[in-house]
Each structure stands twice: as structure tokens, then as C-alpha cells.
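Look at TrEMBL and you will find C24, C28, C31 tagged as [4Fe-4S] cluster binding site. According to TrEMBL, the domain 'Radical SAM core' annotation covers 10-225. According to TrEMBL, the region 'Disordered' annotation covers 352-377.
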Amino acid sequence: MNAYPLPPPIAPPLWLLAELTYKCPLHCVFCYNPLNYAENQHELTTAQWVDVMQQARRLGAAQLGFSGGEPLQRDDLEALVAEGCRLGYYTNLITSGIGLTEPRIARLKEAGLDHIQLSFQDSTKEMNDFLSSTKTFDLKMRVAGLIKQYDYPMVLNVVLHRYNLDHVGRIIEMADAMGVEYLELANTQYYGWGLANRAQLLPDREQLLRAEAVVNDYRARLGHKMRVLFVVPDYFEQRPKACMNGWGSVFLGVAPDGSALPCHAAKSLPGIAFPNVTQHSLQHIWYDSDAFNKYRGDAWMKEPCRSCPDKQKDFGGCRCQALALTGDAANADPVCDKSPYHGDVQSIVARAQSQAGGPKTEKPILFRTDANSRQFG
Ligand code: FES
């Protein structure tokens, strides 16, 4: 008999996220794309993406998201959607809406696209256009109309932060007027450009509580008409989120250049060679690569995670956040109050608190532009 328990078998990936391109007409200040994205403009070809989709489907993936950057920047999007549908995926387009003209949405419908998630930056034209550094509010409104016209479920995503949390009631009213069925109010996650702008974007606790109370009030009034999801920024929590449901557990992301990633922000982790789909099969990448095995299971964990009764529930939180806030991705996510670094998170929150109602900070906000990105190359 084996004296050591065998590790549990690795389950297949369920969700393939195809980040088709880093090109994007918007310049959002909370974008999770890598800061140095402009360094690497290489993109997989249509045939390479088709191969990735086929391999992932054979492994067992059932859900296929197209994101970016802005996936509509790729003129083969319709062909990729058609192939995804032919393979039996549930397909989802995650878009700013820019580029979604009527001929395109008609072609995507024809190709079999199941779902569109449209993002807005705010309920006001001024703030929407400021945060994306574009004049796109009216265009997005027209796209919302097209999504309804083409009989898609209306799914709206608005990223929240200090600049727009006080508008949350108006955002819900805007969504209601648009006929939104599912509204995702997701507080900024502090990765990539969001992390670079954290001092500007992080709200204070009172602002957050006010916004949550408004959301709960609208929920009670709207009943089943619209589902409203409100995700609290995890800096304000005592326990970390189960990021990606565990590293290498369900999520397989492929960056524009073909790097396979266990999470959206993984490229920020130093010292890991993320395998590329042009050099390795997805079977090898998912089951055998060092990158996907690095934080699977619990053998990699240090204390306090190693002996924590919640380790199978939260998997020690987020590796990228642990790196960003403690300098070591193998540490417990310091959002957890058992982490010796939790005080650092509380200090960051306290700094936001001390600026409540005042100027956002001296530091100018950093827009996601190619020129700004090159500074991080
Ligand atoms: Fe990378 Fe959480 S975003 S592990």
C-alpha cells in the first residue's frame, strides 16, 4: 500500500478564454491587460485559434469566451465564433461594443454566437468618456439597442471605483431602461492598469457601503426583473476570494500571442515560463506544464495557508495579488486577516479613507495607451 496519499486527479478545463488581441479603441484606467502589452503585438492566426479551440474542446472545455483588448478588432471574429459553435461550445463575446455595427451583429448571430456581455464605464456620458478617454457613450447606447434588437439576453458590465460608485443608482436605472436582464457591478480588481491607478480608484469604506445600500434597495424594488450582482473589492474583505476557483482548476486563458495562462493576470508573475500553444499541445500545457502545476493542490502552500481549514475553499486566495502586495506569489493572499501582510492591505484602505471626498491623489491617472504601455516595456 502507498504510504503517501496520491494527489487528486486533475480535472479538465471547463472555460477557454481566447484573448484575441490587445488592440482596443478604449483606454480604460482599470484594464487588467498587462502594463507592457504594447511590447507584444504578435497575434495568433485564424488557423491557430481554430486549432486551440478544437484542442480545448477535446480536453472537455464547454464555455468559450472571446475577449481582448477588443475582440471586434479581429475581422475573423465571425469565423472563430462559427467554429466555436460548430464544436459545441457555449460562446460569449466580452466587448466594449465599439465596432459592433448592425452588419456585424447580424453575422455573429448567423454564426451562432450565444451571448454578448457589453461594458459601460458609467451612466453619464462625461464619466464614461473620461474613464475610457474616448467619445463612446452614445455609440455604446446604440449597441445596447442592437443587442436587444437581435434578441440577445442583455448582460451589462460596469466596473466600479471611486469615480462612479456614487452613480450606482443611476447606473441601475440606465440598465433598467435598456432592458438589462443581468447587471454585473464589479468593483475594480487591482491588477494591471487598475493596480497602477489604485490610489486613484480605491474607494473609502463609507462610499462602498452607501453604494451597496443603494444596490440592495433597487434589488428589492426590481425583484426578478433584473439580476444585479455587486462584487465588493476584496481589499475590504477578511477572507480572500477563491481566485479562478483554484489555479489550473477550470480556467484556461490564451493570450493574443498564444501564451497559455491559468488566470487573466498571470503574466505579471515573474519566473514562470508560460507555455505557448504554438509550441506545445493543450493536453501537455494543462496536465504536464510546470506553469499550470505550480500552484495546483496545496503542496506549494506556506503557513498560514498550509494548516488553514479553509484552504480547500479559497485555495489561499489570489497568486497575482499575493505577488503584487507581498512580493511572493506563494504567500497567502494578504486580503486574508491571517496573513502577516494583512496590515499592509489595511494601510492601503486607510489611505483611501483619509482621502474620502477630497482630491484623488496628486498622481495623474494613467490611461491604457500604447505610449504609456511602452514605459513598462
Ligand atoms: Fe492570477 Fe488571481 S488573478 S491568481
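Every residue, even glycine, has its Cβ placed from backbone N, Cα and C.
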Looking at Cβ-Cβ distances, which residues of the chain lie under 8 angstroms from C28 ([4Fe-4S] cluster binding site) while being 6 or more apart from it?
Q121, L131, S132, V159, W193, F367, R368
Report the same-chain neighbours of C24 ([4Fe-4S] cluster binding site): residues 6+ apart in sequence with Cβ closer than 8 Å to its Cβ, ordered by sequence.
C31, N33, G68, G69, E70, Q73, S96, R368
Helix, strand or coil: which one is C24 ([4Fe-4S] cluster binding site) in, per DSSP?
coil
Other CB atoms within 10 A, centred on C31 ([4Fe-4S] cluster binding site):
24
